[in-house]
Amino acid sequence: MSVVSSVTVTVPATTANLGPGFDCIGAALTLYNKVKFTRLDAGGLIIHVTGKEAEGVNTDESNLLYQAFVKLYQHIEQIPPSVKIEIDLGVPLARGLGSSATAIVGGLVAANQLAGEPLSQLQVMELAIAMEGHPDNVVPALLGGCRLAATSAEGWEICDVPWDENVVPVVAIPDFELSTQEARRVLPTEFSRADAIFNTAHLGLLLRGLATGKGEWLKTALQDKLHQPYRKALIPGYDAVNQAAVAAGAYGMVISGAGPTLLALADAQNSQAVAAAMQTAWQTVGITADVRSLSLDNQGASSLNEG
């Protein structure tokens, strides 16, 4: 077997929860981080980062991408090689778009390639879930598409969620960060039976709405009572952006992951108008946002090896 000297891995951003699917559903989006790992003969660790938020990325052994790389080698009981890591940041940090998942998946996939692919994709996925602590970002980042994850006696059951091509995700990414830890602190530790039933019903409706593209179902399905009512207070202008998105023709708006990015779903004809309305609404409260009409990424993490 020839030794792989370098590998380039491209990993998509992800949006998790989609309203009622708290901690169990996520989708890959056409926004990417690209990382290149190259073996070093001289030893040591070199990390170079490019991109708008490059200064926010650690360039030592605490780097999450590198930690994931080392984790796989520890799992297969091998010593990780010395590497140079080049990171091209396209996914904003701490915005609710799965930046940590791109690092975990990117590091694991790169390590698996440099090690000669000792692990299956399923095994890589299980390692990624263990590192992240929940499946809703790392699974679609690795596999692509929209994915629903549930625990089973054997581990995880992963289900592909059909997504009608006319349902367009519009993301509004503000110029401020919100940590997942902070967003989780505001959540209650217990929920009422009524709220649990509400979310169960709305998640079922969401799955059918995404599969069929039926707007009336999606307008109802995107509601949630388990996390968004508590988290929206952490996002200035949330109500104004929501009202603007719906007025422009969106089916509804949700918090992407832990936030602060806001995600609207719209049909293809309305997506650009929805994007413009969300951007304007945030501007009225003094917040600059990068608003994009995206698509679902159906490939997930991809790698290119060099001998």
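Here the Cβ of each residue, glycine as well, is placed from N, Cα and C on the backbone.
As recorded in Swiss-Prot:
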BINDING   Pro92, Leu93, Ala94, Arg95, Gly96, Leu97, Gly98, Ser99, Ser100, Ala101, Thr102  ATP binding site
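Feature annotations (Swiss-Prot) mapped to structure.
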residue : record           : CB count, 10 Å
Pro92   : ATP binding site : 22
Ala94   : ATP binding site : 21
Gly96   : ATP binding site : 30
Gly98   : ATP binding site : 31
Ser100  : ATP binding site : 22
Thr102  : ATP binding site : 31
The correct three-state DSSP answer for Ser100 (ATP binding site) is helix
Other than Pro92, Leu93, Ala94, Arg95, Gly96, Leu97, Gly98, Ser99, Ser100, Ala101, Thr102, which residues of the chain come within 8 Å of the ATP site, judged by Cβ distance to the Cβ centroid of those residues?
Ala13, Val91, Gly257
